[in-house]
Amino acid sequence: MTGLFITLEGPEGAGKSTNREYLAERLRAAGIEVVLTREPGGTPLAERIREVLLAPVDEVMNPDTELLLVFAARAQHLAEVIRPALARGAVVLCDRFTDSTYAYQGGGRGLSLERIAALETFVQGDLRPDLTLIFDLPVEIGLARASARGRLDRFELEGREFFEAVRNAFLKRAEDDPARYVRIDAGQPLVKVQQSLDTLIPNLLELSRG
């Protein structure tokens, strides 16, 4: 039995975590096993790598170092959480996955997409999400929401130009593979966003039941 791998992507302040919980609640109400996880992180070791990636420090992190840390955390996450959950038939809802690497390290940092793709294949093999939800909103709204949450992490401290590149990278990936991606207008009030998610539930239930 093979599970269903759904990733939630988008820039800062897009509401991915809140809406991941909402989707999980709806699927569990229908009797579906749901595993909630996130990247970077998802296991104790991967969460320690997350701390290194997000903590503001005086030393400038080399973009290649950042990229390798992201994939190191992902390798552990896949081995310990994602692959076992999918193998037993669960629905995995993951807050960020490799699309964020293409957006942040590729779009934001300007790293080679070919290099990212090579690491993607090395770490993931042929595993790709079954469905990716892109929670999209204007950069200024997302940054205002992130600032309202309190102390900013190392990525949230980046400037508007960085986040415009991140947003554009997400949208380009969705445009290039419309069969896998669904864009959600995350600039709407939460109730409207969740109404958009409600329209996806019947299809998700059908997919999760094979």
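Note that Cβ sites are derived from N, Cα and C of the backbone, with glycine treated the same way.
These come from Swiss-Prot:
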BINDING   Gly10, Pro11, Glu12, Gly13, Ala14, Gly15, Lys16, Ser17  ATP binding site
Glu12 (ATP binding site) CB neighbourhood, other CB atoms within 10 A: 23
Other CB atoms, at most 10 A from the CB of Lys16 (ATP binding site): 25
Most crowded position, judged by CB atoms within 10 A, among Pro11, Gly15 as binding-site residues: Pro11
Residues within 8 Å of the Gly10, Pro11, Glu12, Gly13, Ala14, Gly15, Lys16, Ser17 Cβ centre (excluding the ATP site residues themselves): Phe135, Leu137, Gly142, Arg145, Ala186
Sparsest-packed of the listed binding-site residues (Gly10, Gly13) - C-beta count within 10 angstroms: Gly13
Long-range Cβ environment of Ala14 (ATP binding site), under 8 Å and at least 6 residues apart: Phe135, Asp136, Leu137, Gly142, Ala186
Reduced DSSP assignment, Gly13 (ATP binding site): coil
